[in-house]
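Chemist: What TrEMBL records for this protein is below:
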ACT_SITE  ASP38  active site
ACT_SITE  ASN86  active site, proton acceptor
BINDING   ASP38, GLU221  Mg(2+) binding site
BINDING   39-43, ARG51, HIS55, 83-85, TRP87, ARG89, ARG202, 208-210  substrate binding site
Amino acid sequence: MSQTPTAESRLALTDEEASLYSQIDKQNLPKHIAIIMDGNGRWAKKRDFSRIKGHKSAIPAVRQTVEGCVDLGIEHLTLYAFSTENWKRPPQETGTLMALLRQFLRLELKAVRKHSLRVKVIGAIHELSPGIQKDLKTVFDGCSKNTGMCFNIAINYSGRMDILHGFKTAMAAGVDPESLTEQSFKPFLSTAGQPDPDLVIRTSGEMRISNFLLWQIAYSEIWVTPTLWPDFRRGDLYRAVLDYQARHRRFGGI
Ligand code: IPE
Ligand code: IPE
Ligand code: MG
């Protein structure tokens, strides 16, 4: 059997990660995993580093998560990178976060090609700087024919705004409000055409949603870990999936 690049990367797993991987039921995977990547600042504080260094140190966690999801066969991954509320932070921090996003997008073009990722950005992109918008366009143009995992990055995202924008778009398209249903509204959301997240992961222990995908996570399973985002590795992803697989999803039934 020829070795796929992802099988190759699996060779680098620690014994513990390999053991967790082998316990995952590959027939019962979450179709869509959404992650609130939190704790970069606290990770830095613990080490007496600047918050900015904390954000910079989070890149390996993102890489391992993307690789890990591709390798497992997850169809949709959404990473929450920047909320509309994050603009409340000092301009030096928001500026660095935007610069890091640009750097990340450029560096990850190789991974996008390697895994044929379908990259989509959700959030108010039109409010971002022309430089980031240009980089995003380069990524979109480069993946229009891709067929792999759908990789959503939430930038300048607000769950409330997603719903409000969807409703305004539906009205502008001439949809009769009386005939609008939960199902017919879904195509007007930023995640149109994608299944709702089955599993939401939040790092750094906070028990809150912070304006993430409010409509879409109505019945998601939530897994919170005290691990701070820069320390998140494949083993944590596998633990989240294993925990998800042990849940009994009732969707209001019995
Ligand atoms: C997550 O880490 C990154 C973003 C929200 C952009 P934080 O920067 O929120 O880190 P903490 O929560 O202060 O530790
Ligand atoms: C949530 O983290 C947003 C992102 C991960 C992008 P925050 O750090 O902004 O959330 P709060 O402020 O603790 O709720
Ligand atoms: Mg935070």
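Note that Cβ sites are derived from N, Cα and C of the backbone, with glycine treated the same way.
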Chemist: What recorded positions in ASP38, TRP43, THR84, ASN86, ARG202, ILE209 place CB under 6 Å from ligand 3?
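Modeler: Passing the 6 Å Cβ check against ligand 3: ASP38.
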Chemist: Taking the Cα atoms as reference points, how far is GLY41 (substrate binding site) from ASN86 (active site, proton acceptor) in Å?
Modeler: 13
Chemist: Report, in whole Å, the straight Cα-to-Cα distance of ASN86 (active site, proton acceptor) from GLY39 (substrate binding site).
Modeler: 13
Chemist: By CA-CA distance, flag whichever of TRP43, THR84, TRP87, ILE209 among the binding-site residues is nearest to GLU221 (Mg(2+) binding site).
Modeler: ILE209
Chemist: Could you tell me which three-state DSSP class GLY39 (substrate binding site) falls into?
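Modeler: Where GLY39 (substrate binding site) sits, the three-state DSSP reduction gives coil.
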Chemist: ASP38, HIS55, THR84, GLU221: which of these recorded positions put a Cβ within less than 6 Å of any ligand 2 atom?
Modeler: ASP38
Chemist: Measuring Cα to Cα, how many Å separate the residue listed as 'active site, proton acceptor' from ASP38 (active site)?
Modeler: 12
Chemist: List the residues of the same chain that sit at least 6 positions away from TRP87 (substrate binding site) in sequence and have their Cβ under 8 Å from its Cβ, in sequence order, or write 'none'.
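Modeler: Result: THR94.
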Chemist: Name, in the order they occur in the sequence, the residues of the same chain whose CB lies under 8 A from the CB of THR84 (substrate binding site) and which sit 6 or more residues away.
Modeler: GLY123, ALA124, ASN156, TYR157, SER158, MET161, ASN211
